[in-house]
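Participant: Straight out of TrEMBL:
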- GLU146, ASN196: S-adenosyl-L-methionine binding site (BINDING)
- ASN196, PRO197, PRO198, TYR199: substrate binding site (BINDING)
- 296-311: compositional bias 'Basic and acidic residues' (COMPBIAS)
- 320-330: compositional bias 'Basic and acidic residues' (COMPBIAS)
- 9-76: domain 'Release factor glutamine methyltransferase N-terminal' (DOMAIN)
- 118-202: domain 'Methyltransferase small' (DOMAIN)
- 296-330: region 'Disordered' (REGION)
Amino acid sequence: MTRQPLRLALAEATAQLEAAGVGSPRVDAELIAAHLLGVERTRLGLVPLVDAAVAQQLTELVAQRARRIPLQHLLGTAAMGNIDLEVGPGVFVPRPETELLLGWALAFLEGTAGRPPVVLDLCTGSGALALAIAHARPDAEVHAVEIDPSALAWARRNAAAREQDGDTPIALHQGDVTDRALLSRLDGTVDLVVANPPYVPEDAVLEPEVADHDPHLALFAGTDGLSVIKPMVSNVARWLRIGGAVGVEHDDSNGAEVAALFAGRRVFGDVVEHPDLAGRPRFVVAHRVATEVEAERIAAAKERQERRRSSPPEPPPEDPSEHRSERMTP
C-alpha cells in the first residue's frame, strides 16, 4: 500500500484551509490528522508516514473544513473543562472563552465545601457547563435548562455518557429561562447559577461556522443582544439563596449593560465584569446579598439619609431668655 509523508499532507491541508479563510489553518489540519490517527496532536511528529486510506480521509475532512463546516462537527466532539462532549448539527458548539466562566464557577464552589451545593445551568445547550461542573464537583446537585428540543437531545446524550463514565447524574429540564414560573421549587435554594444564553445582536456579522451551523435560537437575542438576559435576571434573583452567586456570559458589546441589570436589582451586590483572554468584556458575576424585603428596607433607609443630607439645616430654636432681656432693657 502506498504511503506518503504526513508532513507533506499537512502542508497541503494547511494551504487549502488558509485559502478558504479558516482562522487557524495549521492547527485545524493537525487536529483532523490526530483525530484520524488516534493520537494526541503533540505526537504527530512521531508519525512520519500515513497510508493511502488515512490520506484520503484527511483530504475529505479538510475539504469539508474548507467549506467552513465547524471543526467540532467534523471531529464529533468539543471540550469543556476536563470532559469531552458530543456535538453536531442542532446544538451550539461550546467555545473556549466559556472555560473562563467555568473556572470562576468552580472557584466559587470551593467556598461551599462541607455541604452539597445546588447549581443551575441556564441555556445549557450540549450540557457543557452543567456536566463539567458535575464532573469537577461530584457532590453537587446540578440542574440544567434548555428550551430547544434538538439541543436538549444532545445534552441528554452527553449526560448519559458522563453518567456511564461515573459522573454524578444531572437533572435536565426543558423550559424557557425567562418564564417566571420556571423551576419555582428551587426558589431560594440555589448556590450558583451559570448561563451562556443567546446574546448576539441580530445585526451582527458572524463567521460562516457560526452563522450557518449554530442554531439561531442559541445565538440571537434581539437588537441589543439582551432580550433573554433582561427577563432572566428576576428569575435568577428568586432562585439564588442569600450568599449565592451568578455568572452570565454576554456579547463583548454589552458588558456594562449586563452589569447594570444586576446592579439595578437591590438584592444583588458585588457585581463584577470579567474580560476574556483578549481583554474583551465576556461575563458578569453578581452575588445575592439580601432578600427582597431587606433590600427594600435598606433602600428606604438610604433614601431617608439622602433626603436629610440634601435638606437645608433647620434654624436653631429661639432662646426665650433673649426676649425677656430685651423687654427689661431701658
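Cβ coordinates are placed from backbone N, Cα and C, and glycine is handled just like the others.
TrEMBL does not curate its annotations; it predicts them automatically.
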Participant: Work out how many Å separate TYR199 (substrate binding site) and GLU146 (S-adenosyl-L-methionine binding site) at their Cα atoms, rounded off.
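Facilitator: Between the Cα atoms of TYR199 (substrate binding site) and GLU146 (S-adenosyl-L-methionine binding site), the distance comes to 15 Å.
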Participant: Report the mean pLDDT of the predicted model across the domain 'Release factor glutamine methyltransferase N-terminal' (9-76), rounded to a whole number.
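Facilitator: That stretch averages a pLDDT of 97.
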Participant: Hey, for the substrate site built from ASN196, PRO197, PRO198, TYR199, who else sits with CB inside 8 A of the CB center?
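Facilitator: After dropping the recorded site residues, what remains is CYS123, ALA195, VAL200, ALA218, ALA221, VAL228, ILE229, VAL248, GLU249, HIS250.
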Participant: Within the domain 'Release factor glutamine methyltransferase N-terminal' (9-76), how many residues are helix, strand or coil going by DSSP?
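Facilitator: When I sort the residues of the domain 'Release factor glutamine methyltransferase N-terminal' (9-76) into the three classes, I find 50 helix, 3 strand, 15 coil.
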Participant: Which residues, sitting 6 or more apart from PRO198 (substrate binding site) on the same chain, put a CB under 8 Å from its CB?
Facilitator: CYS123, LEU217, ALA218, LEU219, PHE220, ALA221, SER227, VAL228
Participant: By DSSP assignment, list the helix, strand and coil residue numbers for the domain 'Methyltransferase small' (118-202), in that order.
Facilitator: 28 helix, 22 strand, 35 coil
Participant: Measure the Cβ-based neighbour count of TYR199 (substrate binding site), defined as the other Cβ atoms within 10 Å of its Cβ.
Facilitator: 27
Participant: In the structure shown, with every protein chain counted, which of the binding-site residues GLU146, ASN196, PRO197 has the densest set of Cβ atoms within 10 angstroms of its Cβ?
Facilitator: GLU146
Participant: Pop the Cα-Cα gap between PRO197 (substrate binding site) and GLU146 (S-adenosyl-L-methionine binding site) into the table, whole Å please.
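Facilitator: Counting only the Cα atoms, the answer is 10 Å.
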